[in-house]
Amino acid sequence: MNYPLTLEMDLENLEDLFWELDRLDNYNDTSLVENHLCPATEGPLMASFKAVFVPVAYSLIFLLGVIGNVLVLVILERHRQTRSSTETFLFHLAVADLLLVFILPFAVAEGSVGWVLGTFLCKTVIALHKVNFYCSSLLLACIAVDRYLAIVHAVHAYRHRRLLSIHITCGTIWLVGFLLALPEILFAKVSQGHHNNSLPRCTFSQENQAETHAWFTSRFLYHVAGFLLPMLVMGWCYVGVVHRLRQAQRRPQRQKAVRVAILVTSIFFLCWSPYHIVIFLDTLARLKAVDNTCKLNGSLPVAITMCEFLGLAHCCLNPMLYTFAGVKFRSDLSRLLTKLGCTGPASLCQLFPSWRRSSLSESENATSLTTF
């Protein structure tokens with residue numbers, strides 16, 4: 001008796017069908033791995049984490065990020081005429097962080113009720129997320145190059161010409177960040193999951209082969225242009241800077257001035273490298289370059305959510321770093337808070353009484369807001 005399809009062909013067709021559904025639904029409920037169905041990837045623990053911890057944590061990051069980065073912008077703007085090149089880059093970095101924290105309320109709302117704000121706002125939020133991530137990494141790379149040229153090669157220029165080149169560089173960075181994020185902006189759309197209880201999501205559309213290729217292109221740009229190349233540039237520059245500063249021990253002030261840039265870069269690496277590792281692993285799984293086991297398929301969504309939270313927390317860490325590390329910045333922050341009425345014994349100004357002592361003793365020799 002002849003059958004039109006063999007059992008082996010049926011299994012292969014069934015596997016292809018489930019793999020396609022799994023790709024389109026972004027690991028939502030079930031997937032076929034190694035010829036058997038995996039259980040649901042989002043258990044009660046993950047559901048509780050998304051429902052309780054994520055809104056609270058993102059709200060805290062939002063508040064700290066807005067307050068901290070606004071204070072950084074106000075202080076740096078007050079010294080606009082005397083800002084160094086590094087501080088100009090840090091000003092734009094604070095702008096990028098501030099814009100990035102504005103997407104957090106949208107992320108919390110999407111996790112609770114799905115995306116209900118339409119395609120235009122979907123593309124806008126994706127643009128804010130990706131553009132500002134690219135700009136943050138590129139600005140940190142520019143800070144590293146700027147310190148490398150100034151310290152290792154002693155490159156100096158007339159102030160007005162140097163500031164003009166810095167502003168042109170910052171404008172170029174924002175343009176490059178937008179161009180790198182363009183694939184995600186163009187293909188972002190609101191899509192409904194394939195399951196009855198799925199919420200609408202703002203995602204990268206992968207409904208055809210061209211969109212899938214664009215998705216892999218955006219992932220490649222995200223890994224290489226957004227993280228790997230900037231980190232290589234930063235590492236190369238700061239190795240040269242540290243080597244040079246060890247030879248020039250008679251300039252301790254210059255050694256202190258470069259520490260904040262290295263610390264900012266280190267915090268960026270520590271916050272974003274775990275996310276890039278799990279996203280890269282997710283990319284390999286989708287390319288079938290690694291065995292897509294049920295364990296991996298169930299662990300990736302949890303790891304991505306946790307590591308993304310760590311990366312977004314970076315938005316509120318830089319202002320804290322400037323406050324605890326920068327002598328002159330700390331002094332200016334103390335004066336600003338005093339003008340705002342921060343004078344009582346229980347005020348924020350009294351939480352760290354050593355601030356004023358260290359600021360008075362060291363700020364006279366500080367020529368930069370980011371000097372230690």
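Note: Cβ is positioned from N, Cα and C throughout, glycine not excepted.
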Annotated residue, N-linked glycosylation site, per Swiss-Prot; candidates N28, N297: N28
Annotated N-linked glycosylation site residue, as Swiss-Prot has it, among N196, N365: N196
Swiss-Prot: matching membrane side for P55 and S198: yes
Record Swiss-Prot, residue C202, disulfide partner from C122, C135, C271, C294: C122
Among the ranges 56-76, 89-109, 168-188, 220-240, 305-325, the one whose Cβ pairs under 8 Å to the transmembrane segment (260-280) are most numerous: 305-325
Seg_contact(the transmembrane segment (56-76), the transmembrane segment (220-240)) with at least 3 CB pairs under 8 angstroms, min sep 6: no
Helix, strand and coil totals (DSSP H, G, I; E, B; other) for the topological domain 'Extracellular' (110-124): 11 helix, 0 strand, 4 coil
For the topological domain 'Extracellular' (189-219), the number of residues DSSP places in helix, strand and coil: 11 helix, 7 strand, 13 coil
